[in-house]
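Notes follow the structure.
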Amino acid sequence: MQLDAIGKDKLHHLLRAMPKAELHIHIEGSLEPELIFALAQRNGVSLSYPSVEALRAAYAFTDLQSFLDIYYAGASVLLKAQDFEDMAMAYFRRARADNVVHAELFFDPQTHTARGVSFETVITGLTHACARAQAELGISSSLIMCFLRHLSEEEAFATLEEAMPFRSQIVGVGLDSSERGHPPEKFARVFAKCRELGLHLVAHAGEEGPPAYVWSALDVLKVERIDHGVRSVEDPVLMQRLARERVPLTVCPLSNVKLCVFKTMSEHNLATLLDQGLAATVNSDDPAYFGGYMNDNFVATFDALPQLTARHAYQLAANSFEASFVDAAAKSAWKAQLDQVFAAA
Ligand SMILES: [Zn+2]
């Protein structure tokens, strides 16, 4: 395919039209203010914000922690399985509009079980939504259960225990929430256990934390993908390893700017990651809070970084399929769809 012959004028169309997988989406982070208020009303939960506008206006974050405080407040309206299903369906509809053909959804059971909402309630709602996404929208999906890293490893073990009756509904486990001060190795034993259970392993590392956290996510937790990982560029030896082993990085550009990991989008290092041979992907992280879903992320990044071309766009979509936890047949079917879109450009 003549990727380098495709002009810049075709980029916006290609970015929107190309099939893609989303591998870094916290489903609780897709909860839009309108839905937060609707669920609050349905469930009789009182919010500390008087209106949708006031809540949205509070989304001016200075770092990861300032975001997490509001994020946990928003999740407080989720009480019944139907609430989780409605939230995930709203995400899947947005994803469909962006030509996302496959999504691996993070969910944070501890955010809910700590409020007295059972693991079963959470997983039942999300599993229903995943089945409906396939039947109604043609989107394939799976669920990745995340441990909150600001909590203890014992609490992670307790959550894993609660998840066991639903093992077949979970494709893997991840590690999220406040990164600084909570290195991956804090969860070495629970990840080893998950590995024994045959779960796929991923972890957030190198977003606000140093490259050392990426090393320990790989070597101690033995993860298959790094979520974020943008600070890896500070360590050339790590960069070589990530490129050599094709370790996928699930990069979230709008999130990075909103949480001040980069001051502006024009300073983002996505082009560097790709040009150094890393299997970087683009994702939305917490789209309701960070200003956009998948295509918003693609367009904002390509608009701000003139060095990104159609070749990079193709590579990002291809990487998303390569990095996904699906079988080879599904990957090659999506790859063929991707080739078609670019061949028609
Ligand atoms: Zn994340």
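Note: Cβ is positioned from N, Cα and C throughout, glycine not excepted.
Feature annotations, courtesy of TrEMBL:
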DOMAIN    19-339  domain 'Adenosine deaminase'
BINDING   HIS24, HIS26, HIS204, ASP285  Zn(2+) binding site
ACT_SITE  GLU207  active site, proton donor
SITE      HIS228  site 'Important for catalytic activity'
BINDING   ASP286  substrate binding site
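Shown here: features listed in TrEMBL, placed on the structure.
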residue	record	DSSP (3 states)
HIS24	Zn(2+) binding site	strand
HIS204	Zn(2+) binding site	strand
HIS228	site 'Important for catalytic activity'	strand
ASP285	Zn(2+) binding site	strand
Cα-Cα distance linking GLU207 (active site, proton donor) and HIS228 (site 'Important for catalytic activity'), given in Å to the nearest integer: 5
Recorded positions whose CB lies under 6 angstroms from ligand 1, from GLU207, HIS228, ASP285, ASP286: ASP285
Same chain only, sequence gap of 6 or more: which residues have a CB within under 8 Å of the CB of ASP285 (Zn(2+) binding site)? HIS24, ILE25, HIS26, GLY29, CYS252, LEU254, SER255
Can you name every residue in this chain, apart from HIS24, HIS26, HIS204, ASP285, with its Cβ inside 8 Å of the center of the Cβ atoms of the recorded Zn(2+) site? ILE25, GLY29, PHE106, ASP176, ASP227, HIS228, THR250, CYS252, SER255, ASN283, ASP286
Here the mean pLDDT of the domain 'Adenosine deaminase' (19-339) is 96
Long-range same-chain neighbours of the residue listed as 'substrate binding site', Cβ under 8 Å, sequence gap at least 6? ILE25, HIS26, GLU28, GLY29, SER30, PHE67, TYR71, SER255
For HIS204 (Zn(2+) binding site): intrachain residues, at least 6 apart, with Cβ closer than 8 Å: ARG149, GLY174, LEU175, ASP176, GLU179, ILE226, ASP227, HIS228
